[in-house]
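Single-structure report; data block below.
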Amino acid sequence: MSKRGTRTPGYWYDNTPIPLPARILAPVYGAAIALRRALYRRGWRRRHRVPVPVIVVGNVTAGGTGKTPLTIALVVKLQEAGWTPGVASRGYGRDDAGTARWVEADTPVALGGDEPVLIAWKTGARVRVDSDRLAAARALVEAGCDIVICDDGLQHYRLARDVEIEVVDGQRRYGNGRLLPAGPLREPAARARDCDFRVVNLGQASATAAPQVPDDAGFGEWQMRLSIDSVQPMDGKRAQPLSMLAGQRVHAVAGIAHPERFFAMLRARGIGVVPHAFPDHHVYRAADFSFGSRLPVLMTEKDAVKCRPFADEWLYSVPLKAELPAAFWVSLLDRLNKLASRQGV
């Protein structure tokens with residue numbers, strides 16, 4: 001992978017001044033995306049449908065909000081319900097972004113992208129990376145999938161969809177409320193009202209948050225909890241309970257959109273964290289782990305798939321599980337079953 005990762009501009013989420021070039025470019029960007037969406041809504045650009053239900057998971061903000069844990073949870077739940085889901089993804093950060101390919105658990109991250117490889121590794125589902133999400137969806141259907149999950153595809157209007165799920169960071173929300181590059185918004189925040197479901201990633205904080213009750217149509221702020229309870233040695237040994245590290249110091253590594261969230265989850269389990277934050281989608285080298293002290297190194301699974309070539313007995317991945325209310329799954333599966341009956345799937 002040639003990309004070295006991405007960092008979020010601070011002014012998106014705090015009160016620091018927005019650079020003048022960003023303020024000038026934001027209205028231009030806004031006009032362009034408004035025109036593009038209008039072309040699709042009025043039928044001047046065609047949306048293409050595949051013969052199975054399509055779920056789009058995405059967000060109106062740039063950067064990570066928890067889409068990958070939710071996508072993994074969706075795949076697993078659909079598999080349990082008897083579906084054969086496939087995942088369509090762009091495969092951000094891979095070296096040959098113009099090449100479409102199947103991604104499996106052992107696909108090099110440089111070819112498949114960190115998130116698609118993680119999804120394939122965790123679920124065993126068919127995963128197709130392609131800059132053309134429609135082509136990816138068609139390939140998945142041809143491969144026998146009876147439902148397609150389009151990861152990070154909210155703005156990919158060429159692919160018609162049956163269900164849209166918006167994922168929101170429960171702490172940052174929509175930041176300063178401005179469009180790119182002055183703020184984090186890919187589209188105006190009002191775009192989220194068109195989505196069928198809104199999943200709010202509250203991390204561990206959701207354990208004390210008041211529940212939100214969605215309306216009868218299924219739309220509402222469904223809360224997603226992220227939980228950790230084990231560590232997986234990256235040298236192939238059996239997983240161990242995370243509690244075995246309580247009271248110990250560890251190096252914690254996170255190359256994700258919001259590294260502090262991962263560090264806070266470890267601290268909440270009584271672990272002494274020496275934090276090491278890297279840019280989102282960072283490409284790791286063995287030298288990145290020369291910390292000067294020999295302590296266990298804990299990292300997210302998204303980071304772990306990129307460190308497999310040089311893993312040793314000191315490296316551990318921390319499985320992350322997305323938990324949503326039972327009512328969310330009932331509402332979603334009911335909608336999908338109705339769609340399938342109409343489409344003859």
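Each Cβ is built from the backbone N, Cα and C atoms, and glycine gets one as well.
According to Swiss-Prot, the features are:
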- THR61, ALA62, GLY63, GLY64, THR65, GLY66, LYS67, THR68: ATP binding site (BINDING)
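The residues near the ATP site, meaning same-chain residues not in THR61, ALA62, GLY63, GLY64, THR65, GLY66, LYS67, THR68 whose C-beta sits within 8 angstroms of the mean position of the site's C-beta atoms, are ASN59, ASP152, VAL167, ASP169, ALA257, in sequence order. For the binding-site residues GLY63, GLY64, GLY66, the ranking by surrounding Cβ atoms (within 10 Å, all protein chains) places GLY66 first. THR61 (ATP binding site) carries a strand DSSP state (E or B).
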